[in-house]
Amino acid sequence: MLDRTYTADAEPGDHVTVAGWVHEIRDLGGIAFVILRDKTGQIQVKFEKDEMDEELVETGLGVHRESVVAVTGEVEEEPRAPTGVEVTPESVDVLAEADPELPLDPSGKVDAELPTRLNNRTLDLRKPEVKAVFEIRAEILRSAREAFRDLGCTEINTPKIVATGTEGGTELFPITYFGEEAFMNQSPQLFKQLMVGSGLERVFEIGPIFRAEEHNTPRHLNEATSIDFESAFFDHTDAMDACEHVVKAAYEGVAENCQQQLEALDLADEFEVPEGEFPRLSYEEAIERINATGELDTQLVWGDDLPTEGEKALGDDVGGHYFVTDWPSEIKPFYIKDHDDDEQLSTGFDLMHPRMELVSGGQREHRFDRLVEGFEQQGLDPDSFDYYTKMFRYGMPPHAGWGLGGERLVMTMLGLQNIREAVLFPRDRQRLSP
Ligand code: ATP
Ligand code: AMO
């Protein structure tokens, strides 16, 4: 490993080796500067042409922008330098030359379209504001994991190659599994439920889900990251409490640990951790409020799913995160339990951000007979789910849980316009590589 000092740690009086990318070369004649960039920031390297070894000057100033170099020398205070210090080099090693023609400009002076950025993610993530999105994403996942630990959960990993789908309304990606038909999993739903009946009781998973969505939208991916929770002896209200805890913890983690990244994104002043309880609106109230906004051409009636414009109108009306509860049973999946006193009404809920849905969840049907009936009503063959249903005959406790779209959380938290900006290498209708 190269024994190097990060640019942010280089103090006047230190003798250091700094290594990174040539961000900029400013040649002023007798004096020239190379601005070297690493993950922590930038540092100026000074070349005084008349006073320094010719070869050293040639090497240092002869490289193209974005080449990788290591510079060894003395750090000195220099008020005119961008960071107040500069390095006077004794040696410059060119570790990797960059072509003079770059597909995108990491200094950000020239804007690039999203497809160009996605095709050149390596260069794109040299920009502080793009790198910041992924550092914040990592912090969101770290804080979510910690919040799940507070809740007493065990982290699990479930298979992504499966024999059956569970989430109606979206297609499956078929694959061939040793000559048999198989699919990429749409959700850990059934597996996480199986684990609440195990000795683990309360679990979470952060992993990929695969959905063959036909449409291309700014908020759908074909491979997304699902943050899933499931707990024994929870009802839907307990599950909503847990959901609120995890979402707020993600915001808190970012507020506490990502100030620099928020600054890079120009969000430091406006970033807010959501305060107070997220309002819980019943589906019925939700459609009434949407109808009252007058934003839709037609009035919604009981049983309609909430259209995107309706969600937006309600989001503007509420002005923050909110839950929609008590959905009609007929538009929620078979595994969601109905209310005991009203079979038309489910315990399903969604957590909404004013811009879009973030979470779906609910209490689950844990009674074997009811569960099998639900499969039949949804047109699914209970026999092909035998591996799942049979465990409901061996002591499956009442339970509840939810799934949170990881990229949607990042996107809504940072106000990104397109969900693809929240994924390193998005998968969509047009994009299978990189
Ligand atoms: P010469 O003295 O050989 O003619 P020059 O005129 O190009 O070379 P300077 O007059 O020393 O060099 O500086 C040119 C510009 O660079 C000035 O605007 C000066 O403020 C700036 N400058 C000089 N040294 C530094 C430094 N260490 N950091 C940042 N800016 C500097
Ligand atoms: P659902 O299908 O609503 O519920 O998915 C849960 C959450 O995952 C996110 N999401 C997506 N994000 C990006 N692109 C997609 N194509 C995509 N599809 C879903 C959304 C959504 O709210 N098994 C249930 C969860 C549960 O009940 O525990 C489920 O998968 O943010």
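From the backbone N, Cα and C atoms, a Cβ is placed for every residue, glycine too.
All TrEMBL annotations are machine predictions without curation.
These figures come from a predicted structure and were not determined experimentally.
For the ATP site, TrEMBL records Arg211, Ala212, Glu213, Arg219, His220, Leu221, Gly405, Gly406, Glu407, Arg408, and the single candidate of Glu263, Glu270, Glu357 listed with them is Glu357.
TrEMBL assigns the feature region 'Aspartate' to one of the listed ranges (29-32, 189-192, 289-292), namely 189-192. Binding of L-aspartate is attributed by TrEMBL to Arg211, Ser360, Arg364, and the same site annotation extends, among Glu167, Glu252, Glu256, to Glu167. Highest Cβ count within 10 Å among the binding-site residues His220, Arg408: Arg408.
A C-beta separation below 8 Å, combined with a sequence spacing of at least six in one chain, links Glu167 (L-aspartate binding site) to Gln186, Ser187, Gln189, Arg211, Pro333.
Note on the region 'Aspartate' (189-192): mean pLDDT across this stretch is 97.
Rounded to a whole number, the distance between the Cα atoms of Pro82 (site 'Important for tRNA non-discrimination') and Gly406 (ATP binding site) is 37 Å.
Cα to Cα, Glu357 (ATP binding site) and Arg364 (L-aspartate binding site) are separated by 20 Å. Around Pro82 (site 'Important for tRNA non-discrimination'), the same-chain residues at least 6 positions away in sequence with a Cβ under 8 Å from its Cβ are Ile35, Gln42, Gln44. A Cβ distance below 6 Å to any atom of ligand 2 is met, among the recorded positions Pro82, Glu357, Arg364, by Glu357.
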